[in-house]
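Positions annotated as domain 'GGDEF' by TrEMBL: 266-399. Annotation comment: TrEMBL describes 38-57, 69-89, 101-118, 124-143, 150-169, 175-195 as transmembrane segment.
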Amino acid sequence: MPVSLSTLPSVAKFTPWAEFDDPTLESRYRRSTLARDACQMQHAALLAAALFLLFGFADHAQVGTGRAFAWLLLMRFTVAASCILLAIALRRQPRLAHRRLPINLICLITISGLLLTIPLRSNAFSTHLTSVLVVSMALYLLVPNRLPWTLAWNAYLIAGFTAAVLLWMPAPVGVLTSNLLLLGVVNLVGGITQLRLNRLQRLQYLSLQEERDTNRRLQAEIEERCQLERQLRHSASTDHLTGLYNRRRFFELAERELCRACRNGTPLALFMIDIDHFKKLNDSYGHRIGDQALIAVASGCQAALRDTDIIGRYGGEEFIVALPDATLNTAITIAERLRQQVNDIALSIEPAPPTLSVTLGISLLYADETTLDGALQRADQALYAGKARGRNQVVVAPPGTLTAVEA
Ligand SMILES: Nc1nc2c(ncn2[C@@H]2O[C@H](COP(=O)(O)OP(=O)(O)OP(=O)(O)O)[C@@H](O)[C@H]2O)c(=O)[nH]1
């Protein structure tokens with residue numbers, strides 16, 4: 001997804017709860033934190049269950065084994081079972097971590113459970129106060145991304161605690177006031193911490209997104225440049241009309257084959273191919289048809305060669321072929337095949353043009369030749385001899401005289 005201005009960390013807007021002002025961005029951010037939040041809530045629920053059960057020992061020490069203890073135990077088991085069920089549900093469906101019902105239900109059960117311990121153990125004021133402080137902080141730390149809910153549950157906790165103290169543990173006004181102040185300070189610190197945390201985590205998320213977008217853009221740019229480079233390399237080595245190698249690329253490849261032939265002592269044959277009476281075709285039917293004929297001859301010849309053979313456009317209506325590992329007999333057979341292939345080309349124009357034909361000059365590289373120049377010259381001479389002898393034929397250029405293979 002491309003970076004929009006509102007997703008840049010420097011200009012991102014936030015709500016008073018330090019959430020993203022843009023609801024789409026906020027929901028994207030929440031989706032990105034879902035797995036982490038679910039895992040965190042699972043651990044928190046299991047820890048809360050363990051703590052609630054552990055405090056059962058303290059209950060027993062304080063109230064003995066009477067009716068109050070039975071109630072306390074029932075309450076503790078209810079809270080612990082709810083927490084464990086939530087942890088299991090979150091493990092199976094992590095998306096519950098961002099749903100209203102599970103989070104609020106577990107807050108209601110846990111806080112109500114804690115408040116219920118007050119009338120049942122009304123002589124443990126300091127323990128209750130400490131528990132309320134711990135739960136109050138835990139709400140800020142463990143309820144993910146929901147500051148308004150955390151504030152609401154803290155309000156319920158403080159109001160419940162105050163009511164319970166007034167009803168079951170009457171304390172001097174001064175003590176109650178300072179404890180409420182203490183709770184207020186805890187909530188202030190918790191609220192500010194969560195606001196800062198919310199903002200920082202969101203800014204971090206935006207920075208990460210921006211970095212990813214930049215990387216993606218760079219990746220796309222690199223791919224585009226590679227593609228351009230491939231295209232440039234291709235057009236620098238290809239004849240744009242016929243799609244064959246151009247003269248420069250042909251000689252690069254043919255010289256590589258010459259080196260290989262010298263090294264391995266294998267033969268290398270060269271063909272010069274020229275379309276017969278091409279000027280007449282051009283003059284009678286126009287250059288467009290001339291181009292069509294060039295393309296047809298080029299693709300016909302290419303189709304008749306092996307992948308290891310090299311064919312290029314030498315210039316105008318002339319083509320050049322290098323046949324690695326080809327003896328004279330093989331070269332003559334292939335040249336004949338090409339000549340026949342061109343004779344079979346039927347251009348779809350009216351009135352039907354005369355049959356296309358080519359004349360081919362063949363030369364073989366000598367064992368002591370280290371450049372293509374000599375063989376090229378011999379093939380050219382053979383070609384012109386073929387033209388002089390009536391065209392549409394293959395002529396081999398032997399060391400001495402020239403031999404016409406077919407007229
Ligand atoms: N349509 C077209 N014509 C081209 C192209 N390149 C060269 N030609 C034409 O090819 C013709 C070559 O003519 P010539 O060299 O006289 O050869 P020819 O008419 O084939 O005669 P022979 O080779 O003796 O049979 C010229 O008219 C060039 O203008 C091209 O890319 N497209």
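Backbone N, Cα and C define each Cβ position, glycine as well.
Bear in mind that the values here come from a model prediction, so they are computed numbers and not experimental data.
Long-range neighbours of the transmembrane segment (175-195) within the same chain, counting only residues 6 or more positions beyond its ends whose Cβ lies under 8 Å from a Cβ of the stretch, are 17-18, 129, 132-133, 136-137, 139-141, 147, 150-151, 154, 158, 161-162, 165-166. Packing against the transmembrane segment (150-169) from elsewhere in the chain are residues 104, 107, 111-112, 114-115, 118-119, 122-123, 125, 128-129, 132, 135-136, 139-140, 143, 176, 179-180, 183, 187, 190-191, 194: each is 6 or more residues past its ends and has a CB under 8 Å from a CB in it. In the predicted structure, the domain 'GGDEF' (266-399) carries a mean pLDDT of 93. Residue counts for the domain 'GGDEF' (266-399) under DSSP, helix first, then strand, then coil, are 57 helix, 32 strand, 45 coil.
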